[in-house]
């Protein structure tokens with residue numbers, strides 16, 4: 001039974017009356033009998049009136065029954081179908097239609113049922129109805145196909161859409177402008193821009209294009225972020241004497257202008273001014289278009305002009321401006337317009353509230369988000385006459401707002417308040433995304449698993465899957481990431497693969513399998529700048545600088561021009577690969593060759609690059625020549641370089657600058673403490689730790705986790721909570737003895753100063769990453785890489801120990817710390833000392 005055919009029916013109103021009276025059914029039968037008693041000619045209008053006026057499913061069934069008894073059923077079948085649909089009983093309507101000979105009126109009834117399912121959002125049911133219609137040899141018409149194609153686009157299902165296209169061609173509707181426009185829109189919604197463009201070109205060749213055709217293809221390019229083609233087509237449309245762009249044309253192209261930086265201001269105004277009737281809808285369309293394009297001055301100019309010309313501002317006008325600000329991340333401006341709206345007495349609708357919540361989320365304005373929540377409770381939510389779908393839109397917006405304001409507990413309460421059967425894919429996605437984006441990756445993956453559990457028919461969309469992949473990347477959960485990759489391949493997400501493939505490259509890179517990331521990249525049919533940058537970043541994290549430079553050369557050859565983000569990644573790559581001179585050349589070429597102005601992050605990367613190389617004079621000179629004030633990130637980069645090379649004086653200077661900035665990062669205190677420890681200045685070590693305690697700054701405990709056959713095991717320093725801890729410590733002791741025999745010496749200078757050297761060695765022995773490695777060796781098959789992740793930077797003693805241990809085991813050790821990846825194999829590390 002289809003979902004849209006099994007809706008619960010409300011109890012007939014006449015059955016709820018307490019006062020004794022004749023039943024609705026008795027009245028219906030009485031009237032019907034009176035009609036039969038009269039002549040046959042008067043029967044039709046009376047029965048039609050009865051079918052239109054019956055106010056319950058029970059009454060419709062009684063009339064149906066009497067028509068069968070009287071032998072008049074065939075004369076009123078289509079009216080019965082409409083009556084059953086009116087009372088939310090489509091299964092009864094379909095039961096009738098399946099027994100009828102195909103005709104124009106029967107096709108009309110099928111179209112009515114299909115349109116109903118589409119309106120309710122049951123796109124799979126639309127396709128089932130269409131298939132049933134074809135099996136009954138009922139020929140679809142030019143109204144049927146647009147409904148069905150729209151459902152294919154909303155799923156999206158390229159396969160189903162292509163199959164419907166085949167039916168269109170075989171039934172002779174391939175020259176019908178309405179059907180062809182629907183095909184263009186369907187291919188666009190499925191992400192198949194080449195097919196959409198080919199369909200449009202065929203229509204243009206046949207001479208059947210209308211303004212809807214042009215608007216559809218321009219919208220397709222705009223929504224796919226192909227601004228160049230969208231603007232180019234709009235300009236061609238402007239020069240076509242037979243096509244006159246309308247307000248919809250402008251709304252479609254203006255966002256593309258905003259992203260491309262192109263100016264169609266004059267053409268837009270020309271089209272707008274040539275519009276004969278400038279009603280509030282036309283003005284709203286222009287305001288919406290400019291807002292989505294990021295042209296806030298023009299949008300607000302039109303907004304003010306509407307006020308000057310006494311055009312009544314409706315909720316759409318206000319919502320368009322608020323939504324425009326919110327979509328661009330200008331939350332404070334969105335809230336300001338919302339206040340003006342309230343002062344003017346205009347009542348917000350659901351779209352307004354969702355946009356306001358999005359604005360709050362973009363600036364983490366929790367207080368204003370709570371105020372909006374209160375308003376929604378008082379004025380929008382929980383009213384009996386509300387559309388449940390609109391209520392859910394607001395609740396989804398609230399979950400998203402609370403999650404992005406780092407109140408994930410409140411967001412989860414909102415999520416749990418929605419019955420599982422009422423949740424849609426957006427409900428799941430905003431909660432999973434909220435967890436993934438704010439460091440609660442385990443909860444994100446747990447919730448994603450619940451979504452996919454047997455019995456839950458909800459299918460994740462592109463954004464849901466990408467949020468789950470983001471969580472895998474955060475945890476370096478390679479096994480879970482591979483399972484999601486397999487799910488993507490099994491469920492055929494071909495139409496939206498670019499976005500997910502970019503996330504897969506990022507996930508594999510951050511989970512320690514850079515080779516799998518490269519395989520995904522090499523098998524991509526289409527690539528964008530994010531694809532290239534993700535692979536570059538991956539190579540940088542793993543210390544493969546030369547491979548990264550080759551990717552840059554390939555990127556240029558493919559026609560992609562490096563931008564600010566690309567250069568930031570390149571500087572990171574050079575810093576972690578020891579390519580100092582190459583990094584300096586990249587930094588200098590940014591402005592001279594590519595007209596990219598270095599920003600704060602670029603300077604911080606350069607300071608890190610020079611600091612790691614011990615070029616402190618150049619690093620300090622660069623800091624003092626920066627066109628902006630150095631922030632904490634710059635001084636931490638310099639402090640990190642001082643720790644590597646033991647530069648106490650400059651380290652103290654960088655730490656003093658951090659203190660002036662009010663930085664309370666535990667990492668900066670730890671770096672300074674380590675600098676003093678390496679210099680054996682134990683009093684200064686104690687002073688730094690005392691200062692941390694006085695300032696309320698707590699050092700994060702070191703934590704490492706490793707993937708085993710039965711899941712992930714987590715370890716802290718000195719951890720004895722694992723069921724196999726005795727075996728772990730025994731194996732680790734044996735490993736340490738074996739590597740000492742071949743030259744390993746514990747680096748005790750970074751341990752506590754108030755214990756003897758033997759005890760220092762014992763303390764280093766219990767570091768979390770060593771425990772994780774011992775467990776990984778216990779449970780791993782020889783030859784299989786051991787993947788370990790640490791939340792902090794790996795200590796020098798553990799790094800040295802891992803290098804030696806890789807000489808006596810058959811497994812490659814892949815360690816990800818807070819800075820980069822280390823691949824230990826046969827006595828060497830991929831970082832080559834640059835960490």
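Backbone N, Cα and C define each Cβ position, glycine as well.
Noted in TrEMBL for the protein shown:
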REPEAT    106-140  repeat 'PPR'
REPEAT    176-210  repeat 'PPR'
REPEAT    279-313  repeat 'PPR'
REPEAT    314-348  repeat 'PPR'
REPEAT    424-458  repeat 'PPR'
REPEAT    528-562  repeat 'PPR'
DOMAIN    743-835  domain 'DYW'
Counting only residues 6+ away from its ends, which parts of the chain sit with a Cβ under 8 Å from the repeat 'PPR' (106-140)?
2-5, 78, 81-82, 85, 90, 93-94, 97-98, 100, 147-148, 150-152, 154-155, 157, 160, 164, 167, 171, 389
How about long-range neighbours of the repeat 'PPR' (176-210): same chain, 6 or more residues beyond its ends, C-beta under 8 Å?
142, 145-146, 149-150, 152-154, 156-158, 161, 164-165, 168, 216-217, 219-221, 223-224, 226, 243, 494-496, 498
DSSP tally for the repeat 'PPR' (424-458), helix/strand/coil in that order, comes to 24 helix, 0 strand, 11 coil
In the repeat 'PPR' (279-313), averaged pLDDT is 76
